[in-house]
Amino acid sequence: MTTCNYDPASLPDLLPLYYRRLFPFSQYYRWLNYGGVTKNYFQNREFSFTLRDDIYVRYQSFSNQSELEKEMHKLNPYKIDIGAVYSHRPNQHSTVKSGTFQALEKELVFDIDMTDYDDVRSCCSAADICSKCWTLMTIAIRILDRALRVDFGFRHCLWVYSGRRGVHCWVCDDSARRLPVAARSAVCEYLSLVKGGEETVKKVQLSDPLHPFIKESLAVVEHYFTQYAVLGQDILGSREWGSSMGLNSVAQVRKDLLSYFQTEKNPVKRWERLKTLVNQRRSTSKKGVHAEKEIMLQYCYPRLDVNVSKGVNHLLKSPFSVHPKTGRISVPIDLRELDKFDPFEVPTVSLICEELDHSKREEDDEEAKENEKAAGERRRIRDYKRTSLAKYIKVFDNFLDGLERSRRGELLQKSDLQKDF
Amino acid sequence: MQFSRKRKVFSSAQVEYGHCLQLYGQPPLENITLAEFETFAVERLKLLKTVENLGVSFVKGSEDYQKKLSSEITNLNFPYKTEANDDRKQLTGPTEYEKRRKDHISHFILRLAYCQTEDLRRWFIQQEMDLFRHRFSDLPPKYKTEFLHRNDLQYDTISPDEKEGLMEKLVSSTYTVSGATVKEQDFYKVPFQDALDLVRLRKVFLRQGYAYIPHQDIVTIVLNDFRTRLSKALALTARSLPVVQSDERLQPLLSHLSHAYVGQDYSIQKNIGKVSLEQIDPLSAKSFPLCMRQLHRALREQHHLRHGGRMQYGLFLKGIGLTLDQALQFWRAEFVKGKVDADKFDKAYAYSIRHMFGKEGKRTDYTPYSCMKVILSNPPSQGDYQGCPFRHSDPELLKQKLQSYKVSQAGILQILELVKGMHYQLACQKYFELTHNIEDAGFSLNHPNQYFAESQRLLTGGKEVKREADAPPPRGGQSVRAPDALQDKPANPKQASAEITEDLDSLFQDD
Ligand code: SF4
Ligand SMILES: [Zn+2]
């Protein structure tokens with residue numbers, strides 16, 4: 001594991017190197033500029049930086065890539081957040097007439113954080129994660145990505161590891177970026193199945209008929225459930241299994257299980273039994289017929305931080321920002337390799353700086369010959385390619401290519417339409 | 001529209017009202033007297049307030065809701081579906097014609113009064129939409145179709161083949177639809193953004209960004225159209241408002257109208273500085289509503305509250321009279337007992353406390369949350385203690401909690417019954433009555449701070465608290481007073497900045 005050699009105290013030394021040599025500025029700009037189709041789209045975008053000692057600067061904005069670079073080289077932010085595209089340049093927000101400075105657009109974003117699953121994972125709690133509970137994030141991505149693409153028709157969903165204990169999703173389609181608050185919150189509600197706070201035990205309630213979205217989501221959960229929940233978390237092994245699953249409402253099932261569990265210790269068999277009992281009820285009573293599905297969803301269904309998604313002007317940690325506590329880079333996740341994604345393999349800033357350092361010595365002389373900005377850019381590409389960051393930047397590149405292709409398609413369509421008239 | 005002091009003069013341009021329901025496309029052209037102007041406006045306002053009240057006490061669209069709303073419409077002489085069945089000849093007859101005219105004119109008068117701020121607009125649109133939904137849904141099918149034709153509302157339908165292919169999905173996406181009825185009715189295909197109410201509730205099939213809406217739910221799309229038109233129209237009206245406002249006869253009337261529905265917002269602190277920090281513990285047991293008692297307890301136990309809880313509880317405390325200094329002291333003392341040290345508190349949390357008191361950022365002075373806001377917006381999720389216990393707790397847990405607060409068994413049953421019927425505020429009021437040993441609270445609860453004020457009034461003999469009557473009074477046996485929709489959200493220009501600063505606070509949350 002690579003975190004062991006990351007020391008938060010070294011951050012002030014590593015960040016300058018990271019931003020100077022490794023941070024993928026050109027891709028970053030290519031992303032947020034969105035082809036330059038809308039005027040001032042990049043210029044009116046809010047960035048905010050967290051500096052040393054939790055000093056927090058909001059409403060930063062930049063005219064172009066090089067201005068952004070310069071500022072980041074100067075400030076070496078501990079954390080970068082991305083906000084909305086505003087009606088005016090955010091860095092001039094205090095000079096515009098009050099009320100006219102407004103957030104206009106932003107990617108539709110989702111934030112899933114492992115702490116929100118504390119009541120249903122026994123392996124870790126709070127900020128800790130392990131490879132066991134990481135399955136929850138895999139499930140979350142599968143379920144949401146499917147729904148965003150198939151149900152809502154979005155095509156450009158960028159999934160990013162937060163650097164510590166969760167994932168973010170940036171839906172970048174034009175139509176998604178333009179969604180008003182009401183639509184964002186409706187999408188969130190559509191996607192939320194687990195409801196209730198500390199005062200609710202049974203957080204999933206299903207009723208007939210099951211919406212296709214729920215069926216699709218269940219299919220995803222089913223794929224992981226036995227391995228992850230029944231065996232991995234041993235959810236039927238804990239003392240309070242009955243009440244924490246909300247089985248109190250189906251007392252008979254609970255009773256039957258209790259006696260069965262006396263002799264049967266095998267978790268998979270226990271779970272099978274529970275399913276059978278619930279299914280048997282189906283013919284006799286309406287109550288609790290979905291109990292086993294509700295349990296599956298309660299334990300595995302993604303838990304969204306709705307507030308982050310609803311607001312157009314809400315900030316979210318940027319891809320390729322460093323997590324100051326773990327040192328890990330917030331990297332895009334390749335969905336084709338999702339099941340293999342391992343958060344503990346994500347490089348830390350100290351690792352990639354070290355990797356760079358190794359390869360650097362050999363060519364210090366070469367470099368001296370090159371100059372100018374273009375050379376700097378070329379060098380940076382060469383630089384990151386030597387580190388374990390490379391494969392994640394590749395994922396990002398692919399994502400950007402996809403965006404570009406759609407944009408070209410749309411432009412073509414538009415010009416075709418114009419010809420028609 | 002022209003207004004005259006003289007007797008009513010109809011201009012020759014009489015409007016034809018061909019349908020009992022309208023989209024209010026054309027403003028009225030006739031002259032009307034100031035007296036009629038006022039009556040119309042007040043009566044429509046009454047109707048809209050009823051709409052709002054009913055929406056709080058009943059499930060929208062439920063039988064009770066429909067019955068009560070229908071009878072109010074009839075009482076106030078607004079057009080109602082029954083007359084739509086009348087013989088066509090009667091449509092220009094005095095009664096029905098007068099009603100439709102009143103519907104038309106009164107709507108436009110309130111547009112004038114309610115176009116001025118984002119909040120007023122939002123309130124007005126919401127009530128007009130609920131009213132429209134009710135009236136449209138109640139129309140016989142034939143009149144619905146006629147309404148669509150008359151107003152040129154056309155939506156794309158899907159082909160029988162496509163329907164066949166999606167049959168199973170359409171059936172399971174739409175509650176009351178069976179295979180047979182899917183075959184019979186048209187399905188409309190609209191961008192999901194145009195059917196948010198159905199999307200939100202997952203009551204519609206979605207594919208590739210389109211919602212497939214059965215004819216029976218067409219009201220959703222029509223309503224979306226209605227909303228779009230109305231909000232555009234209000235924006236336009238707002239621009240022409242200066243002219244209207246310069247009319248010294250109308251100005252006071254309009255401003256009165258727009259203030260009429262606002263209840264007490266508890267932002268003006270009459271009691272400021274009258275509560276000491278030591279009193280909070282005993283007060284929380286005696287006079288706090290359950291929502292605040294729960295937050296208080298969680299704070300004492302966890303030495304922390306997440307953003308939503310801090311806002312709900314912090315503003316409540318401000319409302320009962322804590323000063324900024326007291327609030328800072330109170331939160332700091334509790335937080336430092338937990339994982340936050342004083343330095344971190346000052347950096348990360350003090351800002352948001354000052355912000356609640358309007359001392360930071362754009363200096364928006366936040367008002368304490370009303371029950372509506374607590375119940376409807378920002379429901380608690382994992383790790384949260386905010387919200388309304390009557391709405392957001394498991395009934396089983398609520399029962400235990402009430403038991404531990406020594407509420408009688410019979411009382412608990414009554415409360416749970418109200419909760420089951422989704423009358424959360426009434427349940428809370430029942431709890432108030434039971435815990436204060438009175439028969440009838442004598443007020444309709446719509447605000448946690450009101451709960452506190454009423455409780456203190458009873459316990460200390462009514463020295464401190466004044467109540468404001470809000471006009472017009474509820475009718476038709478309504479026991480729940482208009483909730484303060486207005487104060488819930490700051491006006492838009494303000495809102496933008498308020499949201500910004502609020503986010504800032506939540507950024508400092510727990511990552
Ligand atoms: S009804 Fe209102 S005052 Fe009572 S608990 Fe709920 S939110 Fe609080
Ligand atoms: Zn774990």
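Backbone N, Cα and C atoms are what each Cβ position is placed from, and that goes for glycine too.
Annotated [4Fe-4S] cluster binding in TrEMBL involves B:C291, B:C371, B:C388 plus, out of the candidates B:C115, B:C428, the residue B:C428.
Per TrEMBL, the range carrying the annotation region 'Disordered' out of B:162-211, B:462-511 is B:462-511. Around B:C371 ([4Fe-4S] cluster binding site), taking its Cβ as the centre, 26 other Cβ atoms fall within 10 Å, counting all chains. Checking the binding-site residues B:C291, B:C371, B:C428 against chain A with a Cβ-Cβ cut-off under 8 Å leaves nothing. Apart from B:C291, B:C371, B:C388, B:C428, the [4Fe-4S] cluster site neighbourhood in this chain, defined by C-beta within 8 angstroms of the site C-beta centre, holds B:P289, B:L290, B:V374, B:I375, B:P389, B:F390, B:R391, B:Y424, B:Q425, B:L445, B:P448, B:Y451. The C-beta environment of B:C291 ([4Fe-4S] cluster binding site), restricted to residues of the same chain at least 6 apart in sequence and closer than 8 Å, consists of B:Q312, B:V374, B:Q386, B:G387, B:C388, B:P389, B:P448. Secondary structure from DSSP puts B:C388 ([4Fe-4S] cluster binding site) in coil. Of all Cβ atoms in the shown protein chains, 26 besides its own fall within 10 Å of the Cβ of B:C388 ([4Fe-4S] cluster binding site). DSSP assigns B:C291 ([4Fe-4S] cluster binding site) to a helix.
In sequence order, B:P289, B:L290, B:C371, B:C388, B:F390, B:L445, B:Y451 make up the list of same-chain residues 6 or more apart from B:C428 ([4Fe-4S] cluster binding site) whose Cβ falls under 8 Å from its Cβ. Look at B:C428 ([4Fe-4S] cluster binding site): DSSP puts it in a helix.
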